[in-house]
Amino acid sequence: MNLLADENMAALTPLFAPLGRLRALPGRDISATDMADVEALLVRSVTRVDASLLAAAPKLRFVGTATIGTDHLDLAALSERGIRWANAPGCNAEAVGEWVLQALLVLALRSGRALRDCTLGIVGVGNTGSAVLRRLKALGVRVLCCDPLRQAAGDSGPWFSLDQLLAQCDGITLHVPLVEGGANATRALLDQQRLAQLGEGAWLLNASRGEVIDNRALVAEKRRRPDLKLALDVWEQEPLPMPELVELADIATPHIAGYSLEGKIRGSLMLHCALTRGQVRTPALAELLDAPAKPAEAAPTTLDDQSLLGLLQQVFDLEREDERFRAALPGGFDARRKANLARRECSALTLRPVDDTQRTVLSALGFSLTE
Ligand SMILES: NC(=O)c1ccc[n+]([C@@H]2O[C@H](COP(=O)([O-])OP(=O)(O)OC[C@H]3O[C@@H](n4cnc5c(N)ncnc54)[C@H](O)[C@@H]3O)[C@@H](O)[C@H]2O)c1
Ligand SMILES: O=C(O)[C@H](O)[C@H](O)COP(=O)(O)O
């Protein structure tokens, strides 16, 4: 089998080289001229798999994307050609949960508020939204959830509308897919009118897709109301986000909320399993995660916002990445993404809890715990 893959996919060689002839290219460079012999194409979010790419790939039988989002794939064109495809739902949800929790703690500490006293809204409660919900519930934060699709499917709530979240929440975090049209469209879900409904001093976090917020309208709203606090991981026009929006954002990162070594390997494993349809054994995560375990350390006596932030920063330091990202612009968006490929999840840190209550909380936050 001829395989063409994005060179930044994790565990590419051990997983896919045994399956055939494997070529690897930078994801943004994969183009029609590379496709003549390709039977299996493995991509990330930066390769557009559209009708023109598919027209140049007469032998293509499988497309896999090691991501949750599928907005870079033309699913209708794939189905018209009868090409099997797979994505990697949930692979990086824990990393997104960790990014959002750390962003919330930073915003809370900067504004002199306790996270536990805030009401937070989650828009889109699938894999990543649920990872956020689990963490916030464990910390005793009041959370309002908005997911009209799950609500319509009869999933147990309570559910709230987006307008209710905008009216009632101190902070809102977005976890919806980018959907271009139809009744469930999410492009510019937060447009000028909705942004104006954010309460005084409200926090807005986006780790979904940049296009879910009208970026121009956001620049205008933040200029009009500097009290709003923005934590943005995703941008319109990546890898060239609007410079004025980066400058205005209180926390800015280069689409790395979901970047963790564990998440990247999980994504590759899911594609291996889908491509081979279980006919070749897919290894377990631990077999590919060649990372030394750190010795266990005592958890802080009190889990206040400052000590929680300190624990999360031991694994990944969001404010430091914010600084490095700003320093790398205008050209360094992809370079900063690449620099984050080896980020670990909180499970890489083993803690000794002081009691069973703390054990429950730290476990929900994703840390490994001593027996
Ligand atoms: N920044 C990153 O690194 C990163 C990482 C992972 C995912 N993402 C993005 O985040 C998106 C969500 O990821 P996920 O794993 O949670 O996906 P998911 O499919 O598990 O969940 C998405 C949820 O959004 C809900 N939804 C859809 N339209 C909605 C609307 N208009 N209002 C409210 N809810 C709506 C769906 O019902 C679903 O429950 C992905 O599609 C991807 O684009 C970004
Ligand atoms: O959709 C996803 O899963 C995320 O946006 C993912 O983190 C994107 O990562 P990349 O395509 O750069 O590997």
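Just so it is clear, glycine is given a Cβ too, placed from its N, Cα and C backbone atoms.
Listed in sequence order, the residues of the same chain lying 6 or more apart from Ser45 (substrate binding site) and placing their CB within less than 8 Å of its CB are Thr65, Thr67, Gly69, His72, His255. Feature annotation from TrEMBL assigns substrate binding site to Ser45, Thr67, Tyr259.
Residue counts for the domain 'D-isomer specific 2-hydroxyacid dehydrogenase NAD-binding' (111-257) under DSSP, helix first, then strand, then coil, are 51 helix, 26 strand, 70 coil. Under the heading domain 'D-isomer specific 2-hydroxyacid dehydrogenase NAD-binding', TrEMBL lists 111-257.
Feature annotation from TrEMBL assigns NAD(+) binding site to Asp147, Ala207, Ser208, Arg209, Asp233, Gly258.
Long-range Cβ contacts of Arg209 (NAD(+) binding site) within its own chain (separation 6+, distance under 8 Å): Gly69, Asp71, Pro177, Leu178, Thr186, Val234. Per TrEMBL, active site is recorded for Arg209 (among others).
Positions annotated as active site by TrEMBL: Glu238 (among others).
The Cβ neighbour count for His255 (active site, proton donor), using a 10 Å radius over every protein chain in view, is 24. According to TrEMBL, the feature active site, proton donor maps to His255.
TrEMBL lists 298-366 with the feature domain 'Erythronate-4-phosphate dehydrogenase dimerisation'. The domain 'Erythronate-4-phosphate dehydrogenase dimerisation' (298-366): residue composition by secondary structure is 41 helix, 4 strand, 24 coil, according to DSSP.
Max Cα-Cα distance over the annotated NAD(+) binders (Asp147, Ala207, Ser208, Arg209, Asp233, Gly258) is 21 Å. Residues Arg44, Ala66, Ile68, Gly69, Asn92, His255, Gly258, Gly267 surround the recorded substrate site, their Cβ atoms falling within 8 Å of the Cβ centroid of Ser45, Thr67, Tyr259, which are themselves excluded. Tyr259 (substrate binding site) has a Cβ environment of 24 other Cβ atoms inside 10 Å. Non-local neighbourhood of Glu238 (active site): Gly210, Pro254, His255, Phe333, each in the same chain, at least six residues away, with C-beta under 8 Å from its C-beta.
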